Structure formats: structure tokens, C-alpha cells
Amino acid sequence: METNAASASDAEHGGDHQTARVPLLLSRAYARCKSTMNDELKSFRVCLKCCLLDHSSLHSIVLSFSAFFLFTFIVPLATSLSIITNTTPSSVVSFHRLAQLPTSGLATIAFIIFTAFIRRHGGLRRLLFLDDGMQRDTSLVRRRYAIEINRTFRRHLALILLPSFSLELAHKIVLFSSVHVRMPFFTDALHNINYDVSWRAVVFLLVLASWIYRTTVFLLVCVLFRLTCELQILRFEGLYEMFKVDRSEVEWAEVIFKEHGRIKMQLLETSHRYRAFLIACMVAITVSQLGTLILVLSSKAPKDFCNTGDLLVCSVVQLSGFVMCLFGAARITHRAQRVVSIASKWHIRMSCLSKCKHVSDSTEEDGYTSDYDHPAYQPAQHGSKASNNMQLSSMEETAASSIRQALVTYLHYNSGGITIFGFALDRGLLHTLFAFEMTLVLWILSKVVVLS
């Protein structure tokens, strides 16, 4: 018997040991990180691989960092030194070099933030709260997740990237047809006509590749933030549906409280993740836009598409990505604030229904006692039981009403959405930022007019 027990114990421990030593490729956690046929993030993962931002292995991490340093720093520096001008104004080259600074700066900020996300959270599913959140969401919300993820690329990324690339391509064609391109750190004696044409084509392709990489990295993080906001909006819509259920029990209020607490924790974590990115982008874009405005207005060179086309494309991409983030944050913040109004309506409706039910029960009890007004037919015990039941029902309704009122009060003081150090990113803050930026622009214009 002891031998059998020992063998059974060894088998049990051996089974546990085998379960603990499941190969990595067969583990469930690793399988969720790979792109499968039913993976709703498959298009996102393919986009990351195409942009050399895949960090799923050591080889891909080395390739990602190599591409980042190449297209963000080395290629812009080399191409800026390669482009010189003989017949055209020198402002063409100076404006082209000026546009490289904010573009590389925003790409650096986005790449650092994205790398920190992947290292800290281990994948896109945890970053988008899809691992634990999908199991608690309704089937309707889960179906809309996949639709929203696929639509985000077409609506936001493609609508910004494709028109900007068309404008950038047209500008680069005009620019390279009017400037001279040479290999940096070499004299012109090493060049001939065929070599100059070949180097011009190489520089042209490198400039476009560098612009596509830096712009895509910045816009991908912006789209990732907007997608996180949109998925949380879907969860808020699922919370709205819970208030449409005519249930006044204490347990249902507790269910709503837990669901709102789960969404609130995800919003708080999202705010902590992206606040550095939002603040850094706001500072970088403000400095670059105001600095560009000062240099362009103070320059005596003619302003045309060839001279200032780089600055135009850079400004369009910067403002489009940042405004997309701000609008996404403002939308989810107002969805969070709307919960208070919906909860108040739900509380009023449940109170009215319970009051009507209490009045109808009292009417039925009065009618029952009036039918048996003869002393021989007065059921004393039945009346006492009915009175006790009504009193118990009244106490339960009072307790439920108090809990609903506490829930409304809780939602009123916890209605913030995306916040930055306690400041909610709503329309009021957007109006404040717009007024601040407009004040700086008008101040710069006044200084330029006075100095000119």
C-alpha cells in the first residue's frame, strides 16, 4: 500500500512537473503572441513587421534598433550633407535641414515609448487590455473590437500617411530636379555624370525611405493610443447597456460598480502609459512649429513649394497625429463623464418603479381587509404577516435606494477619463491649449512685424 501510494504520489508530482515544463512554443501565453487566423491583431502585427518594429525575438530587436538609428539619424544627416545648391536659393537646403529635426525628434520619442511598452507589458494584447478584458466583455463588444481594430488602420493611419506621402513625393521630385547632389566627405573631382545621376537616385530613395519610416513610427504610436481609447469607449457603451436593465437589487449595483472600477483602472493605467508621450509631443511640436514660423517669416527668400514644402509636410504630419491623440482622449473622457447622467436616470427610474410597486401592494392589502370587514372574518395573523412583509420590503427598497445613491455619488467623483497629472483631457483643456498656442503665434507675428 505504501509503495502504491508512493508511486501514485510520484506520478502526480511527475505529471505536475511535466505540465510545468511545457515547451515554450506550445505554451498558451506564447501562442497568443503569435499571429493566427483568429487573431484580431494580425494586421497590426504585420504592420509592425513591415515597419521593422517587431520585438518578438532577439534578431528582430537588433534589426529594429539598427533600422531606427539608420533611418532616423544616419540617413537624414548624410542626405542633408549631400544636397547642395548652385543656382537655386540656399534657403531650399536650409529649410530641408530644418525639417529633419522635428521629424527625427518625434520618431525618437515614439520609438522610445513603443519600446518601453513592449518591454514592460510583453505584447500588444496586454497593451490594449485584451487578455483579461476580453473574457469579461459581452459578445457584442467583442465583435466590435475586431471591427474597430481593422477600421483604425484605414481610418487614421492610411488617411494621414497616404496623402502626406503623395505631397512628400511631389516635393522631393521638384527638389531633386533643382539641386545638386554629391557624396559627402568627398570632392567633386571623383564624380562624373553617370555617377552623379546614380548617387542622386540613391539619395532620393533614401530620403523617401527615411521619411516613411520616421512618419510611420510616430503615427503608429498615435494610432495605438487612439485604438486604446476606442476600445475603452466600446467598454463604456457596454456599461451603458447595464443601466438599461430594470433591476434595483443590491447585487446589480455591485456588478455595475465592479465593471466601472475595472474600466477606471484601465483608463488610469492608460493615462500613466501615454502621459510622457503626450507631453513630449506637445513640447516638441510647439517648439518646432513656433521655431519654424520665426525662421520662415524672418527669411528674405521667396516662399514657394520647393523651398518650404518639407516644412509643410512636416507640420501636417505632426498636427494630424497629435490632434488625433487629443480627440481620442477627449472622446473617452466625455464618455466617462456621461456615465454620471445615465446612472442618475437609472436611479430615478428604479426609484419610481419601486414606489409604484409599493403603492400597488398597499392598495391590494387595503382592498383585502375591506372585503372581510366582519369581525368573524378578520385574519389577525395574516394581517400581521402582510404588515411584516411590507415593512421588510420597504426596508429592502430603502437599502437599495441608498446603495444606488451611493453609486451615483461615486460615479460623480470618479468620472475622469484620460488625465495628465490630474488634468482631464476634455474639450475644456483642448480650448485652453488652443488659446495658449494662438497667443504664442500672435506674439511671434507681432515681433516679426516690428522687427521687419
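Every residue gets a Cβ built from N, Cα and C, even glycine.
Copied from TrEMBL, the annotated features are:
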- 58-78: transmembrane segment (TRANSMEM)
- 98-118: transmembrane segment (TRANSMEM)
- 157-181: transmembrane segment (TRANSMEM)
- 201-225: transmembrane segment (TRANSMEM)
- 274-297: transmembrane segment (TRANSMEM)
- 309-329: transmembrane segment (TRANSMEM)
- 428-446: transmembrane segment (TRANSMEM)
Feature contact check the transmembrane segment (428-446) with the transmembrane segment (201-225), CB under 8 Å, 3 or more pairs: no
Other parts of the chain folded back onto the transmembrane segment (428-446), taken as Cβ under 8 Å at six or more residues beyond its ends: 282, 286, 290, 293-294, 297, 326, 330
For the transmembrane segment (98-118), sequence-distant contacts whose Cβ falls under 8 Å of one of its Cβ atoms, 6 or more beyond its ends: 53, 55, 68, 72-73, 76, 80, 127, 211, 213-215, 217-218, 220-222, 224, 273-274, 276-277, 280-281, 284-285, 287-288, 292, 295, 310-311, 313-314, 317-318, 321
For the transmembrane segment (309-329), distant same-chain residues with Cβ under 8 A (at least six beyond the ends): 95-96, 98-99, 102-103, 106, 156, 160, 164, 167-168, 170-171, 174-175, 215, 218-219, 222-223, 225-226, 229-230, 274, 278, 281-282, 285, 288-289, 292, 296, 417-418, 425, 430, 433
Contacting positions for the transmembrane segment (274-297) when only residues 6+ beyond its ends and CB under 8 Å are counted: 95, 98, 101-102, 105-106, 109-110, 113, 221, 225, 228, 303, 308, 311, 314-315, 318-319, 321-322, 325, 329, 418, 420-421, 425, 433, 437, 440-441, 444-445, 448
